[in-house]
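Undergrad: The feature Ca(2+) 1 binding site is assigned by Swiss-Prot to Asp16, Asp18, Ser20, Ser22, Glu27, with sequence analysis given as support. Per Swiss-Prot, Ca(2+) 2 binding site is recorded for Asp53, Asp55, Asn57, Thr59, Glu64, and the stated evidence type is sequence analysis. Residues or ranges marked as Ca(2+) 3 binding site by Swiss-Prot: Asp83, Asp85, Ser87, Ser89, Glu94. Swiss-Prot lists 3-38 with the feature domain 'EF-hand 1'. Residues or ranges marked as domain 'EF-hand 3' by Swiss-Prot: 70-105. As annotated by Swiss-Prot, domain 'EF-hand 4' applies to 106-140, with the evidence given as sequence analysis.
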Amino acid sequence: MVMDTNSLRHIFSRVDADKSGSISANELQTSLSNGLGTPLNIRTVQLMVAMFDRDMNGTINFNEFLGLFKYVQDWQTCFRRYDRDNSGSIDLNEFSNALISFGYHLSPQFVNLMMRRFDRNRGSIAFDDFIYACVCLQTLTREFSRYDCRGIGHTVFSFEQFLTSAFAVII
């Protein structure tokens, strides 16, 4: 859904509860739902605000909000593509298919580990946790690639060992 600038300005002003001209992670969290009727995970919201906070002041202004809004829409489209049963969450099989389509060929054991790390004991991953899982995986992949000069998926340790260790630290 493409929205015009005036509509987005209206959304921005509604989310900007304190009328400061910028949106904090807490303000953004209260305005977004994960598709299961609960607010987005604050860690996901903080991650997204940090990604789009170009002036590094801890909040996003309207121009930064435009990028974040498109980013969330793109992730919603992706999420809906893999939520085949329209349950509002992605089960293990749907999550595995999404990761494969992103080019990740991980063992079933590792996909299970990711599922357990991001499902909040629900057995499925809601929209916000899907974003968080995918952005973490992309960030860690980018970091790993800096050291995997030959692009073979191994350095001093395997990719999955690196991810396992990193997930234990960041989650």
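Every residue, even glycine, has its Cβ placed from backbone N, Cα and C.
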Undergrad: What is the three-state DSSP composition of the domain 'EF-hand 4' (106-140), stated as helix, strand and coil residue counts?
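TA: Breakdown, helix to coil: 25 helix, 2 strand, 8 coil.
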Undergrad: By a Cβ-Cβ criterion of under 8 Å, what residues six or more beyond either terminus of the domain 'EF-hand 1' (3-38) are in contact with it?
TA: 45-46, 48-49, 57-62, 65-66, 69, 72, 79, 88-89, 126-129
Undergrad: Give me the long-range Cβ neighbours of Glu94 (Ca(2+) 3 binding site): same chain, 6+ apart, Cβ under 8 Å, in sequence order.
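TA: Counting only residues 6 or more apart in sequence, the Cβ neighbours of Glu94 (Ca(2+) 3 binding site) under 8 Å are Tyr82, Asp83, Arg84, Asp85.
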Undergrad: By a simple count of other Cβ atoms within 10 Å, which of Asp53, Asp83, Asp85, the binding-site residues in the record, is least packed?
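TA: Checked Asp53, Asp83, Asp85; of these binding-site residues, fewest Cβ neighbours within 10 Å: Asp85.
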Undergrad: Taking residues 6+ outside the domain 'EF-hand 4' (106-140), which of them lie with a CB under 8 Å of any CB in it?
TA: 32, 34-36, 38, 40-41, 43-45, 47-48, 51, 72, 75-76, 79, 87-92, 95-96, 98-99, 160, 162-164, 166-167, 170-171
Undergrad: Given Ser20 (Ca(2+) 1 binding site) and Asp53 (Ca(2+) 2 binding site), what distance in Å do their CA atoms have, once rounded to a whole number?
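TA: Cα-Cα, rounded: 15 Å.
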Undergrad: Sorted by position, what residues of the same chain at least six away from Glu64 (Ca(2+) 2 binding site) have a C-beta under 8 A from it?
TA: Phe52, Asp53, Arg54, Asp55
Undergrad: Mean pLDDT across the domain 'EF-hand 4' (106-140), rounded to an integer, is what?
TA: 91
